[in-house]
Every structure is written in structure tokens, then in C-alpha cells.
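Colleague: Encoded as C-alpha cells, here's the structure I'll be asking about.
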């Protein structure tokens with residue numbers, strides 16, 4: 001887990017800036033010497049140490065004049081040694097300033113930057129005033145002199161970890177509170193070996209890095225490094241940016257190492273979480289069969305995913321504007337270009353959405369795609385990237401077009417029928433006038449009406465008989481198909497595609513059989529006259545629950561039945577009504593909970609009916625029977641659709657059924673002079689309310 005010599009990231013730069021502020025607060029100045037011109041540039045703090053102001057640049061000779069005569073020679077010799085290629089590239093000086101500027105002890109520390117010939121070309125460093133006895137620090141001494149007490153105090157309270165280790169065994173001389181917190185240790189670590197207090201680092205290359213810095217004098221910087229440390233008896237993983245910097249004595253020899261660090265564990269884990277999220281997003285995009293694309297707004301270059309490249313017939317994942325727009329039919333090109341330009345314009349919403357065809361330049365195959373994208377902005381708030389997805393909607397649009405054509409045909413047929421009905425109504429109006437004009441004609445018309453009623457009764461009887469025969473005749477071939485499928489399944493019992501096709505045939509035949517039965521029920525209810533007799537709904541519900549006992553047990557449903565009234569009506573039709581509503585509640589259940597169904601009844605005055613409820617027969621009051629479930633629910637904007645024949649809100653693969661059940665419920669309620677409605681929200685269940693006249 002060796003570190004790399006790389007520039008610090010923004011977090012590290014921020015910490016270095018805080019360290020510079022700390023040095024400034026400690027009265028430490030910075031300076032720089034150019035060996036080519038022998039000019040010194042220094043900051044205001046450094047000038048103040050030598051009793052100057054407004055002198056950003058001075059010559060080397062002017063600097064020597066500012067140094068006490070007794071110390072001037074040793075300072076000059078130290079600087080001159082650095083001009084020799086074989087000399088050390090570091091400088092540590094202690095001297096007094098000239099008495100004329102107010103004598104005080106100064107400590108200067110510098111590091112040289114060499115040219116390709118290894119000769120120093122620039123020297124930069126810091127300077128600070130020394131308070132107290134003047135002496136050279138020994139390797140085992142505290143690295144902070146008495147004159148640096150303020151600096152020590154500031155570093156001890158620094159919000160980032162700092163430690164100082166001396167000697168080849170890395171004895172801990174100083175550790176601020178931040179680094180002690182990282183180690184999970186107390187102040188008793190001072191004076192102990194680094195390896196003794198953190199033995200878990202032995203196989204993590206940290207010791208080798210420290211030793212190399214101590215031996216070579218070359219600083220080491222590591223970024224985004226994982227370090228495992230024992231905290232409270234448990235080995236835990238952390239991530240750091242850290243540095244090991246050599247410390248030099250007055251002779252330019254390394255006597256220790258300073259350790260500075262910044263913990264970035266949260267940043268690294270956030271990055272790992274982001275990478276995981278991006279992986280999941282890529283999986284979702286692939287699962288949804290979406291293509292991805294982006295436009296680099298600065299370079300006008302498009303980038304495509306593999307799926308998009310396949311759609312376009314491109315071999316490269318990038319394209320300039322002309323190449324990118326080439327697969328667009330000419331009639332659509334200007335509209336797409338305008339929509340993209342509008343989205344990337346500063347001040348716009350930044351959202352792009354369009355649907356248009358594309359032509360594969362290799363196969364000439366045309367697809368219809370639905371594309372969406374969003375603009376992302378740079379640090380200056382300027383549009384930088386338009387990134388989005390595309391979906392192949394060719395099949396959906398072809399189906400939609402076919403349906404629209406079918407609707408158009410049916411609309412034209414309906415208009416023709418309406419014209420015929422209008423003509424018939426006019427004829428009936430004329431007939432009514434003639435009947436009104438002549439009582440004999442009225443009597444004759446009544447006789448004709450009676451005869452027509454008889455014919456209608458016979459017609460209904462014939463229709464019911466026909467429906468029964470038709471149902472029987474249609475069911476018989478289906479039974480034959482299912483029987484032959486059973487024989488074929490026996491023959492192909494070993495499996496394979498043949499068995500799959502046979503299963504599909506049987507499933508389709510079963511759905512056809514169920515549809516025929518539902519249509520027969522709907523037909524019978526439509527033509528059957530209601531024979532009103534008192535019907536005890538509590539007994540009727542009990543019978544229905546008995547019929548549905550298997551489905552109730554399988555779904556582990558709970559059905560609660562309140563007090564129900566006795567209503568006038570047709571026992572068979574009301575039985576069909578209740579059974580369909582309960583079957584619906586059991587069918588459209590949620591997968592994460594067992595069905596819970598409640599059946600209750602109450603009286604409602606006609607004046608209290610909801611505005612949308614229009615009973616087929618007026619009455620002073622109505623029974624309201626509520627069937628409430630905790631199923632999947634639906635959007636109430638589809639309320640009108642669910643009571644129509646063959647209308648489904650869900651695919652056949654999600655929920656079985658023919659789309660006739662609720663249409664039968666509405667027909668039964670209408671036959672009884674009532675009304676039916678529902679209230680629901682997705683995921684929060686549904687309540688079907690039946691209103692029957694009292």
C-alpha cells in the first residue's frame with residue numbers, strides 16, 4: 001500500500017492554506033533567494049524581523065548588513081556553501097540582527113531547488129524570532145524551542161493531524177490532539193517508539209516510508225491511502241492524504257520526520273457509494289433497453305453508448321455535429337437541431353425531449369426513438385454537457401397508429417349509424433304525429449306495440465337460447481383443443497419447444513373459454529328481467545364466501561362482514577354482483593401483505609348522494625353497500641374505463657381476467673335501478689360503492 005508522489009487534491013490544498021495561516025499568526029515570515037541575481041524577496045513579516053518595511057526585494061549584500069557583525073561571516077559561509085553542487089540543499093541558521101535595527105535572535109530555515117546540473121538555483125524558506133537561550137536542537141530534544149512556543153500552541157490545536165518523530169527508531173516527540181484522536185491514543189505516547197504504539201502498521205509499508213524519508217531526506221506524499229488502525233480493540237479501516245517531511249538540524253542533517261495528514265474516509269466512501277450507484281444505474285439502463293448519449297457543448301461532439309451506435313450504424317462512439325445529425329431524415333433534422341440548441345442556451349430550462357425517426361446508415365433500417373436529456377453546467381454556470389437517454393418506441397408507435405386507424409374506422413361507422421338512427425327518429429316522430437291524430441291509429445299502434453312486446457319477449461327467449469347454444473358450440477371445440485393438447489403433452493413429455501407451444505395453446509384456449517362464459521353471463525344479465533323478491537344480503541354474502549373459500553384460503557385473506565340489509569332484487573344477479581366484487585378484491589391484491597376485505601352497508605338520502613352518482617331509478621333513499629380492500633388500487637382518472645367491457649388497467653401477464661367482470665357488476669346494478677362507483681389510490685386499496693333504491 002505504498003503511496004504515490006502526486007499533487008494534493010483540493011482538501012489537502014485547503015489544509016495547507018490553513019497551515020500557512022497558522023504560521024502567519026505565529027509571527028513567521030517567508031523569504032526567497034534567487035542565486036542568479038542574488039536578490040531576496042520576502043513578505044512583510046520577514047521585513048519586520050529585520051526592522052524594515054516596504055522593502056519587498058533587497059540584495060544579498062543588503063541582507064548581510066542587517067546581520068550582527070559577529071554572526072555575519074557564518075551566515076555568509078552557509079549561503080555560499082549552497083552554491084557548490086556537492087553541498088547539501090538545505091539551510092538552517094541562527095543569528096542576531098544588527099544592533100542598529102534592534103538586536104534579536106533570528107532563526108532561518110530554507111530548502112534549495114536545484115537545476116539539472118544539481119546546482120541550487122533558488123532557495124526559499126521561513127524566518128522567525130527566537131526568545132530565550134540560543135542553542136542548537138539535538139535529535140532527542142523537543143523539536144520546538146522556547147521561542148517557538150506560540151507556534152507549538154497553534155499546531156497543537158490545529159484541526160488536522162500533526163506528529164513529529166525523531167531518530168531512526170521514530171521516537172514520538174510531539175503529537176497534537178488531532179493525530180492522537182486518529183490513533184485512538186492518549187498523551188502517554190510521547191517518548192515511545194512509533195512502531196510500539198501502532199504495531200498494526202507493520203505490514204502496511206508505513207514504517208518503510210518513514211525510514212526512507214529519514215535516510216534520504218526526500219519527503220513522501222500519499223493520496224487516498226487506506227490505513228488500518230486498531231481503535232478500541234477493533235481493527236478499523238480509514239483513508240488519508242498524508243505527508244512525511246524530513247526535519248533538519250543546524251548542520252543540515254536529518255534528525256526526524258514531521259507527519260501531517262488529512263482524513264478523507266467519508267470522501268472515499270462517498271465516492272465508493274457513488275460508483276456503486278453508477279453501476280446500478282448502468283444496470284437499470286441496460287435492463288430497460290435504453291441507449292445513452294451526450295453532447296460536449298464546448299467541442300460540439302456527441303458520445304454514444306454501444307446500443308445507440310448499433311441503432312445509428314456508427315463504428316465510433318463519438319461524432320461531430322454533421323455526422324451526428326446525418327441519420328436524421330431531412331424533414332426532422334431542423335426540428336431536432338432547434339430543440340437541442342434551445343435546451344443548451346443559457347437561461348433555458350436545460351431540458352431536452354423529442355421523438356423522431358433515425359435511419360441506420362449501414363442497413364437503412366428506420367427506428368422511432370424517444371430521447372430525453374438534461375444540461376449540466378460548469379463552475380462558471382455555463383452549459384457544458386447535454387446528457388440523456390433514448391428509447392426505441394418503434395413498435396409502440398406502429399401499434400398506436402393501427403389503433404388510431406381502427407378508431408377512425410369505427411368512428412365513421414358510428415356516424416353512419418347515427419345518421420340512420422336520426423332518420424329513424426324522424427320517421428318515429430312522424431308516426432307519433434299520425435298516432436296522435438287518430439285514436440284508431442293509436443289503438444292499432446298499441447296493438448302493434450303489444451305484438452312487438454310479444455315478439456321482443458320471444459326474441460329475448462330466442463336470443464338466450466341462441467347464446468346458450470352458441471356458448472355450447474363454441475366451448476365444445478375448445479374442449480377438443482384442450483383434450484388434444486393433453487394428448488400431445490403426453491407424447492412430448494420429454495420437454496422442449498413443442499411442450500412450450502402446447503402449454504401456450506392450452507392457456508389461450510382456457511382464456512377463450514373464460515371469455516365465452518363471461519360474455520354469456522353478460523348477455524343473460526342484459527336481457528333478463530329483474531324479478532324483485534326480498535334478498536337477505538348477509539345470507540347471500542355467506543354463500544359467496546363459501547364459493548370463494550379456496551381462493552380466500554390460498555391468499556390468506558381476512559373478510560369482515562358488517563350488518564347487511566334485506567333488499568328487493570334478483571337473487572342470482574345480486575349473487576353475481578357480490579361474487580365479482582369479492583373476486584376483484586382477491587385478484588388485485590398486493591404482494592407484500594395479505595388481503596383484508598370489509599363489507600358494510602348504510603342508508604343514504606337522495607340529497608346526500610355524491611354528484612357523480614346517477615342511479616338508474618329515482619328514490620327518496622338508497623342502500624349503500626361498500627366493499628373495501630387493501631389491494632393495489634388504481635388512478636381515479638381511469639374510473640370510467642373500469643366498468644366498460646374488455647377494459648383493463650393491467651396487462652394479462654400481471655393479472656388474469658377478461659375485462660368483463662366489472663361491466664357485469666354495472667349491468668346488475670343498473671337492472672336494479674341503482675348506481676356503482678369506486679374510490680381508490682395506487683397502493684392504498686379500493687372501495688366499490690353500490691347504491692340500491694330502498
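Just so you know, glycine gets a Cβ as well, placed from its N, Cα and C.
Quick paste from TrEMBL:
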type   : residues : note
COILED : 400-466  : coiled coil
DOMAIN : 15-86    : domain 'PAS'
DOMAIN : 223-276  : domain 'PAC'
DOMAIN : 352-405  : domain 'PAC'
DOMAIN : 469-694  : domain 'Histidine kinase'
Colleague: Can you tell me the mean pLDDT for the coiled coil (400-466)?
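Modeller: Value for the coiled coil (400-466), mean pLDDT as a whole number: 77.
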Colleague: DSSP helix, strand and coil counts for the domain 'PAC' (223-276)?
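Modeller: Split by secondary structure, the domain 'PAC' (223-276) comes out as 12 helix, 34 strand, 8 coil.
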Colleague: How many helix, strand and coil residues does the domain 'PAC' (352-405) contain under DSSP?
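Modeller: Summed by class, the stretch gives 12 helix, 30 strand, 12 coil.
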